[in-house]
Amino acid sequence: MFSILYNLLEILVVLVPILLSVAFMTVIERKVMGSMQRRIGPNVVGYYALLQPFADALKLVIKEQVIPSQATKSLFFLAPMVTLIFSLLGWGVIPLGPGLALSDFSLGILYSLALSSIGVYGILFAGWSANSKYAFLGSLRSTAQMISYELIYSAAVLAVILLCGTFNITEIIESQQSVWYIMPLLPIFILFFVSALAETNRTPFDLPEAESELVAGFMTEHSGMIFVFFFLAEYGSIVLMSTFTAILFLGGYNMSPQVLFAEDSFINLQSIALAVKAVLIMFLFVWIRATLPRMRYDSLMTFCWTGMLPVAIALLILVPSLLIAFDISPY
């Protein structure tokens, strides 16, 4: 009984900061976009609008729950829960510091890839169960987009695995103590980041929820409390993807110079280093949203299959070839 309570406490210790970071990610996005568009942004609720996400959450919770009469009600309610659960499960293998991971098992990378692939089911259920043309078309777009860019995403991760020789996320971080992988793998980092934008349905790849075409895409018929689940899942995926990018290419919780990290320090500076890197990647997500226009859907698919995929395959062949040629393979 004590072990179960201890495990639940561990999960809460990880889950609460994640949900808070998701809440404040919305404030960061609105303030940054406001600055880029020469306007103030939210500035009423709390100091520097820090209480704005809680006001938005309260507004959504007290709204009326409207259910379409022709909807498949079981899947209609299940879809946002599935999407949020798979978004949060990805944090189970993320090391937030040395020894600070819920589960540090040897196949953590494969676990993360599997969850990112399964997460599309919630979106597909949402579009189909709502019995709406807008929602259904949005879910089909999302499914096709995520399956397509999953290939690029997986190829980029596989290149990192070939370089470090392990599937364990902690070992990948520890292998970057001297050199972060963004330096030797810069083209692969660019491919990974572009595919991460597509995986999270962010601009310029936000076709599944294009407001001017599909109202709100697969979320069109969802409102009130169940819409909050989709909202949390979307921004939770952005925070997770930013942290994962920092781990794979920016050294995770490693940071130079090492003298900053005294072993007897009261403050866990290494976790702060990971958080700073993740926030910088999140800023990049917001910057791209405020800068780039939405792509046409046929251009998006052509860009993936005829542009990015051949480059990803070529780089995936080049990385092990160079490792073998210079006799620096980790295997």
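A Cβ is built for glycine as well, from the same backbone N, Cα and C atoms used for every other residue.
Copied from Swiss-Prot, the annotated features are:
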| type | residues | note |
| --- | --- | --- |
| TRANSMEM | 8-28 | transmembrane segment |
| TRANSMEM | 75-95 | transmembrane segment |
| TRANSMEM | 107-127 | transmembrane segment |
| TRANSMEM | 147-167 | transmembrane segment |
| TRANSMEM | 178-198 | transmembrane segment |
| TRANSMEM | 224-244 | transmembrane segment |
| TRANSMEM | 266-286 | transmembrane segment |
| TRANSMEM | 308-328 | transmembrane segment |
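Contact between the transmembrane segment (178-198) and the transmembrane segment (308-328) holds: at least three of their C-beta pairs are under 8 Å, each pair 6 or more apart in sequence.
Using the rule of three or more Cβ pairs under 8 Å, pairs at least 6 apart in sequence, the transmembrane segment (308-328) is not in contact with the transmembrane segment (224-244).
Outside the transmembrane segment (224-244) by six or more residues, the chain places 18-19, 21-22, 25-26, 57, 60-61, 63-66, 76-77, 80-81, 83-84, 86-88, 90-91, 94, 112, 119, 122, 126, 196, 199-202, 274, 278-279, 281-282, 285 with a CB less than 8 A from a CB of the stretch.
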